[in-house]
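Below is one structure; the comments refer to it alone.
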Ligand SMILES: Nc1ncnc2c1ncn2[C@@H]1O[C@H](COP(=O)(O)OP(=O)(O)OP(=O)(O)O)[C@@H](O)[C@H]1O
């Protein structure tokens, strides 16, 4: 059985494979054709719907069917102003890297934009929509978020509905057949029941059970899976990982957490020493978590299939770092989980970090360098030469020298001008 996540492996490549979204597909096709005829009725569409109903999949499948290049920004990256600007830049070049194909721009999960932290990102998207030469697809789980008001006004809103039980069963049966897993129709029905229209969740359950038991029955689903009501908060995620008795339980906790992957690694890391008593368990826990972090970095470079390993490592990898789980006497230990100290530290140091950023921006501007360079190369000098150690006289001289060099520059320019005018006469 392959280790690739089935939700990725069986992601529809073409619109015809996307289940249950017939009206959405039709609406999107006529919107894209209006672009092709040179008269787009809207420059952008905003696909709204709960997680796992196919928003991203539909955008990708449509690009495939119309043989267009998809300029895609991953959810967590599309939120920052600079990233939006860089995609706007790429989008404004008229020819595609891959020949003369058309392009579709996809900005995923725009409701994840934090209007304070990512100030300027929404106005930048609105500018991008106004100026774009290419169709833009935006996706959101909650389009009614107040911060999206202006986006709602400029984009055509298209709602996606949850997958019904019949299309969901069809989808799961197709995967069972391809993976040669014995699937009892009632078992498939039970997964369709608990997944509440979220195809990603349903496929994850199917894979988790099939990988351990090699078959999927109603009893197994009822015994092992709880109804999907919502994503897990950080404390529930930790408890479900640390207390997991089965591989699939820990994996499901890691994949259904509301905490983003990077932060989840910090949560787990903070709490490993609290949960595990044996130092060797602690060592093993940190070891797998370190590997999860490496895979996550690589996944973020674009190889998103690697996320599957991130889940395996930070879920079951951590859960079974506790060696006593392997003998029958293990009992879950209740501990009061702690907030990652990183989060505390970040909020405590916010003021000084903001001051550092604004100071480094000034230096960067004056020295024509990046803020990173200002922080890493110029700041250390300024730290060893604190200005308050200079006497007022010394400071005056420093400023005088600056002025002197300005005057000298001015004089040099004047001399050059004089020479030029002499040559002309
Ligand atoms: N309508 C569908 N037909 C077939 N497969 C689907 C459908 N919707 C989702 N899937 C499956 O679920 C996976 C996740 O779907 P996708 O990422 O498109 O969901 P989404 O609506 O964009 O979710 P999110 O809001 O969490 O990003 C896909 O890789 C695919 O395997």
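Note: Cβ is positioned from N, Cα and C throughout, glycine not excepted.
Please treat TrEMBL annotations as automatic predictions, because they have not gone through curation.
Feature annotation from TrEMBL assigns domain 'AAA+ ATPase' to 41-164.
Look at TrEMBL and you will find 49, 50, 51, 52, 53, 54, 55, 56 tagged as ATP binding site. Close to residue 51 (ATP binding site) in the fold, though at least 6 residues off in sequence, lie 141, 198, 200, 201, each with a CB less than 8 Å from its CB.
Summarising the annotation, TrEMBL assigns region 'Disordered' to 401-425.
The compositional bias 'Basic and acidic residues' annotation in TrEMBL covers 401-414.
According to TrEMBL, the feature compositional bias 'Basic residues' maps to 415-425.
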Problem set entry | binding-site residues compared (50, 54) - highest count of Cβ atoms within 10 Å | 54
For this session: Restricting to the same chain and to sequence separations of six or more, state which residues have a Cβ under 8 Å from that of residue 49 (ATP binding site).
Result: 55, 141, 159, 160, 161, 162
Problem set entry | For residue 56 (ATP binding site): intrachain residues, at least 6 apart, with Cβ closer than 8 Å | 106, 108, 139
Seminar exercise, completed: Residues lining the ATP site besides 49, 50, 51, 52, 53, 54, 55, 56 (CB within 8 A of their CB center) are 57, 139, 141, 160, 198, 199, 200
Exercise. Where does the mean pLDDT land for the domain 'AAA+ ATPase' (41-164)?
Worked result: 80
